[in-house]
């Protein structure tokens, strides 16, 4: 080949390489431009990164492939639960912490003075059961939901129970402080799905409890649970959750249970207070010595003296208003529960009215205490799920293994809830500028859907205990008031953490 021919060939090859390089660069630039435009306009999550975008799109492709394979032209969903047998609820049961016995009072009274509307029950279409193998679990991490949660603009108490494959926050073997009667797995309960349902608000997410975040949020602060055995149930749940992050030190006494988390100097306290108002067994008027006297207009001094030391106070009451007692107002005997002399005039106040008055008294005293600078959170009435009678008259929650698809209305629970909320509202008004210290944690309606979360007959480790109905059809003695641990009760503390976070972070802004 001559020199001119070699030179021409070299120039030609160089031109081809230049053209190919230019073409490839143009293609890459076009692809990047399309990705950027797609991210800004059609991203599955606003502000998503490139990795997140590609991950979401990959999942979308897998979902589409599954739908085509199944011959289904609808989005992949989680099947609804099977219908759960439901029954009437007319019995209130109270657990006596001193004797581990129960007291019951049957009533279907509905107060005519309830001035707070009970939320509508959750639709059956909103409840999801455990997904079949191969289906995707329920997702609750949309950016819109997270934004509403962070802004504190979301109603936490209307939503649905969804199955969560991530499981409970702890196990009965990883927490040493579970009261035996609530250790359902340790007591032989055969099913476990009740541990895996999570509460999903309609418009946002309820974040999974983060123990470290809680301890940092409560650094140098004290949280106190005050009330009955259901308050103890919630306190032990919180301890079990936090135990997975750090083992606390027990510094309690006979007057109060106290646990200290040394890393952040966070203190968790529990104080027993059956009615949240003053109680005495001394004679008052025609109410004889020995019977409990409940002074509806005097707060309980057993915890009121400590209130200034609390940064967060969680109050629980209501179930002891089923106990035999006399009600005192302005120094006079005005009513009673399971007690009233035949020769006495007609009662002025029944147990439901007495509950409402006690709530107003206690909350007003807490909010207006000049040395209290924290917040007081009232957890609303915890529903029981006895069906067919009381604990000792055939009442049962045996066989409940999934959330209900709709609330079974209970006249007594509705009335107690209404009086509690009315008492709360009056206390906020009574407290004036200090009313903002009072917060309502409205758990009654969501937890009316959880008859599966109680110990039922699994209250002890006795291997010979009765767990099935006898030949006469009667069920064994059951606890359908308290909550299994782990179980639905842990959600109360997720709601509690979110309430505290909103309050503390809002105060900083």
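A Cβ is built for glycine as well, from the same backbone N, Cα and C atoms used for every other residue.
All TrEMBL annotations are machine predictions without curation.
TrEMBL lists 20-41 with the feature transmembrane segment.
Per TrEMBL, compositional bias 'Polar residues' is recorded for 96-111.
What TrEMBL records for 96-147 (among others) is region 'Disordered'.
Mean pLDDT, taken over the domain 'Trichome birefringence-like N-terminal' (153-204), works out to 96 on the 0 to 100 scale. Annotated domain 'Trichome birefringence-like N-terminal' per TrEMBL: 153-204, in sequence order.
Annotation comment: TrEMBL describes 206-498 as domain 'Trichome birefringence-like C-terminal'.
TrEMBL lists 448-479 (among others) with the feature region 'Disordered'. Long-range Cβ contacts of the region 'Disordered' (448-479) within its own chain (Cβ-Cβ under 8 Å, at least 6 residues beyond either end) map to 84, 95, 102, 122, 127, 161, 180-182, 184, 186-189, 193-194, 197, 383-386, 391-392, 394-398, 400-404, 406-408, 410, 413, 487-489.
If you look up TrEMBL, you'll see 462-472 marked as compositional bias 'Basic and acidic residues'.
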For the compositional bias 'Basic and acidic residues' (462-472), residues assigned helix / strand / coil by DSSP: 0 helix, 0 strand, 11 coil
